[in-house]
Every structure is written in structure tokens, then in C-alpha cells.
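Asker: Handing you this structure, nothing more for now.
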Amino acid sequence: MAPGNGSFVTAFILVGLTDQLDLQVPLFFLFLLMYMVTVMGNLSLIILIGINSHLHTPMYFFLFNLSFTDLCYSSVFTPKMLIDFLSKENIISYMGCMTQFYFFCFFVVSECYVLTSMAYDRYVAICNPLLYNTVMSPKVCSSLMLGSYLMAFSGAMAHTGCMLRLTFCDANSINHYFCDIHPLLQLSCTSTYVIELVVFIMAGINITVPSLTIFVSYGLILSSILHIKSTEGRSRAFSTCSSHIIAVSLFFGSGAFVYLKSSSTGSLDEGKISSIFYTNVVPMMNPLIYSLRNKDVKNALRKTLRRRKY
């Protein structure tokens with residue numbers, strides 16, 4: 001029975017990262033290790049922030065949401081990807097593919113705006129420290145997160161709505177390890193011009209607007225830091241922003257490279273390799289970046305471990 005969009009295809013075959021059989025098992029263990037680090041790292045941050053009252057601040061509230069987003073985001077496709085490394089037929093149903101695509105869009109857009117909220121938090125902390133508690137009140141922080149998830153919901157609905165309008169006739173092999181935009185567009189047997197335009201505009205908004213906001217925030221932060229007279233003060237201010245700058249650069253850099261181009265530009269194999277950075281590497285690196293470079297998190301971990309000993 002055909003899906004509701006009039007497509008003749010009821011299931012897709014995920015080609016995966018490579019068709020070389022001798023690489024499947026090594027890749028399985030590599031990505032299993034990465035996923036375990038991702039889950040353990042993000043869960044650890046969520047638990048640490050939850051049980052340590054001195055981490056109940058706006059900065060760690062946003063970090064809690066970032067870890068939650070990364071955990072869900074990586075879980076959308078990595079378990080299926082791991083199964084496919086060991087399976088002969090990597091089949092995903094039409095509705096399964098659209099569901100995976102929807103949640104992928106939801107969490108990736110969420111991450112864009114969570115990172116933007118974190119940049120605004122750093123701007124207020126450094127440029128208006130005396131007003132920080134007033135400006136970054138619990139109500140404001142909750143509103144920023146609600147706005148992030150609403151933007152994610154609208155973006156995911158728009159992208160998935162576009163995909164549901166595509167018609168797939170005979171070709172059903174997705175040249176990717178998950179249901180992504182460009183591989184699905186290339187499989188369609190009808191014109192994708194309008195849908196590509198909508199996807200490009202939506203991706204442009206969800207990458208450009210947060211990126212511009214973050215860029216302006218850090219421009220103002222840099223200007224404020226340069227006016228600090230003491231070297232120690234400047235160093236402390238830079239250290240509070242460095243982790244976030246690294247996370248933003250990894251996420252937005254790899255995402256812009258993949259999505260701010262048409263589906264016919266370059267090879268899909270190149271896109272698959274690039275996708276690994278924002279789908280697997282970034283969710284794994286974020287908890288490491290924020291824990292290894294953050295004294296509060298390391299102190300909270302030590303206190304928690306001491307409590308467990310006694």
C-alpha cells in the first residue's frame with residue numbers, strides 16, 4: 001500500500017557510509033564507542049547539573065538543555081546506523097524515514113537556538129554583569145528555551161512537510177546513513193525546484209540568524225573584554241567564552257557546509273563524510289569541551305564522587 005503522498009515507494013534502503021564489507025565491523029565499533037561516549041558524557045552533565053544546586057544558574061540551565069538536545073539528537077539515527085553496519089539489508093520504512101527526518105530536524109534546529117541563547121547569556125554576563133540576575137531571570141531563560149523549541153517545531157514541520165510532498169517512483173536507495181534532505185531530493189521523480197528553494201530558505205534562516213546573533217554577541221563581548229584593564233580579568237572573561245566558541249564553530253561550520261548548497265552540488269559521498277561532524281562528533285565533543293574546560297563542572301563531579309564514597 002502506497003503512502004499518503006502518492007509515492008510508489010513504501011520503504012527505502014540506506015546505503016550507509018560505505019559498501020566495503022571489510023570496513024563494516026571496524027566502523028561499527030568506532031561509532032559504538034563514539035555513541036557510548038556521547039550518551040555517558042551528556043547524561044553525566046544532565047545528572048551533575050540536576051543534583052548540584054550551585055549549578056542551578058542560567059549558564060548551566062542552557063548547558064542542561066544542550067546536553068539533553070545532543071543526547072536525543074544522536075539517538076535519532078545512531079542506533080539505526082549501528083544496526084545497519086551488521087545487517088545485510090538496511091531497510092527503513094517510508095514512515096520510519098519521515099519520522100527519523102522530522103526528529104533529526106527538530107533537534108538540530110533546537111541546538112542552533114540553544115547555542116544562540118548561550119551566546120546571549122555570555123553577552124549579558126560579561127557586558128552587563130550588574131544586571132545579570134535581573135536580565136537572565138528564570139522566566140527569561142524559560143522563555144528562551146520555549147522559543148528555541150517552538151522554532152525547532154516549526155522548522156521540522158516545514159522541512160518534513162516538504163519531504164512528504166515528494167513523489168518517489170522506483171528508486172529507493174538513499175545514499176546516506178540516515179534520511180537526510182539532499183539524498184531524498186535526489187530520489188524524487190518529480191520536480192524539486194520549489195521544495196529545494198523552501199528548504200534552502202529555511203536552512204538559511206536557521207543557520208544564518210543564530211550565527212549572526214552569535215557573531216554580534218561575541219563582537220560586543222570582545223569589545224567589552226578589551227576594555228578590561230587587568231590581564232587576569234581579560235583571561236577570566238575569555239575562558240568563560242572559549243568552550244562555547246569551540247562548540248559553535250564545530251556545529252555551525254559543518255552544518256553550513258552541508259546544507260547551504262543545492263542537492264546537485266558536489267557528491268553525496270562528500271556530504272556523508274561532512275555529516276559525521278555535526279551528527280556524531282559534535283554531540284560527543286560538547287560534554288567533553290564543557291567539562292574539561294570548566295572548573296565548576298569538575299568541582300561538582302569531585303563533590304558528587306566524594307558523596308558516593310561516604
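Even glycines carry a Cβ here, placed using N, Cα and C.
Heads up, here are the entries from TrEMBL:
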{"type": "TRANSMEM", "residues": "27-48", "note": "transmembrane segment"}
{"type": "DOMAIN", "residues": "41-290", "note": "domain 'G-protein coupled receptors family 1 profile'"}
{"type": "TRANSMEM", "residues": "60-79", "note": "transmembrane segment"}
{"type": "TRANSMEM", "residues": "91-115", "note": "transmembrane segment"}
{"type": "TRANSMEM", "residues": "146-168", "note": "transmembrane segment"}
{"type": "TRANSMEM", "residues": "193-226", "note": "transmembrane segment"}
{"type": "TRANSMEM", "residues": "238-260", "note": "transmembrane segment"}
{"type": "TRANSMEM", "residues": "272-292", "note": "transmembrane segment"}
Asker: Per-residue pLDDT averaged over the domain 'G-protein coupled receptors family 1 profile' (41-290) comes to what?
Answerer: 84
Asker: Can you see whether the transmembrane segment (193-226) and the transmembrane segment (272-292) are touching - at least 3 CB pairs under 8 angstroms, only pairs 6 or more apart in sequence?
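Answerer: No, the transmembrane segment (193-226) does not contact the transmembrane segment (272-292).
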Asker: Using a Cβ cut-off under 8 Å, which residues of the same chain at least 6 positions beyond either end of the transmembrane segment (272-292) come close to it?
Answerer: 17, 31, 34-35, 37-38, 41-42, 44-45, 63, 66-67, 70-71, 73-74, 77-78, 108, 175-178, 180, 243, 246-247, 250-251, 254-255, 257-258, 298, 301
Asker: Below 8 angstroms Cβ to Cβ, which residues of this chain, lying six or more residues outside the transmembrane segment (146-168), approach it?
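Answerer: Same-chain contacts beyond the flanks: 4-9, 65, 98, 101-103, 105-107, 109-110, 112-114, 116-117, 181, 184-185, 187-190, 192, 195, 198-199, 202, 206.
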